[in-house]
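Participant: Supplied in structure tokens, the structure appears directly below.
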Amino acid sequence: MTPNRRSTDSYNMLGASFDFDPDFSLLSNKTHKNKNPKPPVKLLPYRHGSNTTSSDSDSYIFNSGSGSSDAETPAPVAPIFISLEDVLLNGQLIDFAIDPSGVKFLEANYPLDSEDQIRKAVFEKFTESTTLFVGLCHSRNGNFIVQKLVELATPAEQRELLRQMIDGGLLAMCKDKFACRVVQLALQKFDHSNVFQLIQELSTFDLAAMCTDQISIHVIQRVVKQLPVDMWTFFVHFLSSGDSLMAVCQDKYGCRLVQQVIDRLAENPKLPCFKFRIQLLHSLMTCIVRNCYRLSSNEFANYVIQYVIKSSGIMEMYRDTIIDKCLLRNLLSMSQDKYASHVIEGAFLFAPPALLHEMMEEIFSGYVKDVESNRDALDILLFHQYGNYVVQQMISICTAALIGKEERELPPAILLLYSGWYEKMKQRVLQHASRLERFSSGKKIIDSVMRHGVPTAAAVNAQAAPSLMELTAQFDAMFPSFLAR
């Protein structure tokens, strides 16, 4: 009898007779046609004389269930221990592999010694047919024993497993929620040459489709996180194309992947490979800057732009480029967009002083007033459903600077700028207070400019221009040797 035969047959293992139904479930409570069905025999882990499941149990017993509500209790059956060799000799390896309890038994008892004959026989059985191997990879339970094979495989066994994956349809495995685990583990455990061959095969697939699939994207993420950058340069080149970048960034899964690629390319500038990585990063960021306006207005792609703006280190130069080349001169229109307004908020928060000054001045005086309504940009944003959040961010930035909550200490001259911006917004808010009070957002804006503890412009101006006595004291502190003469 072939070991993977799908039929209702009676098996005998070490004196215990039990049935297998067509779904291969060792725990099946199959209903028999006869009136007095024989209770099915179940495979249970045996530990310290009890039938409790344990991850470290390596002994299994056959035990019969009650199966009947009769008052008469059947005589207890003595436990019968089995081994991996017993399963192999009785041709039930596949049945165990696709059963939830059986596969745990196989995992627990798979030999660690690569020269073990039982291990070799088990490996050969699972890889004798590509159809069988792929079926196990796609199986809810079978994928666990395949992962065990991958984890402990020798280089020769790795090559065989790799051949099976490629011949059996690697792309389909990547898109399957169970088989993709096998591919991910192979990327992590295989040696360099076999991983390189696996990557070469992945590079031939439709990468845009993989990056926007909620299952196969995990394979690409594993590549980006685990492998050296020089093994997936093809993926950076793929993203550096405008159409490819837009397709991936506009997807709710793909946008996060692009952020991970940026993070990996920009990490640890002290490593020798950073020069190579910075070239790839520049290629990708050039494409992102070129498409910044479209990305900022997309539901998911805007997160990529926000991520760049909020990043530090080497990414600050790209943050400044995005603000200068993409956001400036477009602040009013982007602030009124549902998604781009988040980008503008982040830009105000993380912009360096020079660019922040340009952004503030653009909102205050960079646009011609509307002829019909006589409203300027600040008036428009105050009452806009998205733009009001940008104004709130502007007020918050000025308030934080004036009350000393900035991380860095600002010189008096810079504080004067913040004070001037704050006073302009405060006066405009108070001018429109009666209308703003009708909206919850307007009430928040009014509250933000009426906060106590924010110094007035006069106070800041006085701080910026120290008195003669203060200048003398500062001089004395700087040059104490002069006084000692």
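Every residue gets a Cβ built from N, Cα and C, even glycine.
The following feature annotations were taken from Swiss-Prot:
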type	residues	note
REGION	29-72	region 'Disordered'
COMPBIAS	49-71	compositional bias 'Polar residues'
REPEAT	86-124	repeat 'Pumilio 1'
REPEAT	128-163	repeat 'Pumilio 2'
REPEAT	164-200	repeat 'Pumilio 3'
REPEAT	201-236	repeat 'Pumilio 4'
REPEAT	237-279	repeat 'Pumilio 5'
REPEAT	287-324	repeat 'Pumilio 6'
REPEAT	326-361	repeat 'Pumilio 7'
REPEAT	370-411	repeat 'Pumilio 8'
REGION	439-454	region 'RNA-binding'
Participant: Same chain, outside the repeat 'Pumilio 8' (370-411) by at least 6, Cβ under 8 Å from its Cβ: which residues?
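Facilitator: Beyond its ends, the repeat 'Pumilio 8' (370-411) has Cβ neighbours at 331-332, 335-338, 341, 344-345, 348-349, 356, 360, 362-364, 418-419, 421-422, 424-425, 428-429, 432, 435-436, 439, 441-442, 444-445, 448-449, 451, 453-455, 460.
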Participant: DSSP says what for the repeat 'Pumilio 3' (164-200): how many helix, strand, coil residues?
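Facilitator: Final tally across the stretch: 31 helix, 0 strand, 6 coil.
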Participant: With DSSP helix as H/G/I and strand as E/B, how many residues of the repeat 'Pumilio 8' (370-411) fall in helix, strand and coil?
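Facilitator: Breakdown, helix to coil: 22 helix, 0 strand, 20 coil.
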Participant: Using DSSP, break the repeat 'Pumilio 1' (86-124) down into helix, strand and coil residues and give each count.
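Facilitator: Helix, strand, coil within the repeat 'Pumilio 1' (86-124): 27 helix, 0 strand, 12 coil.
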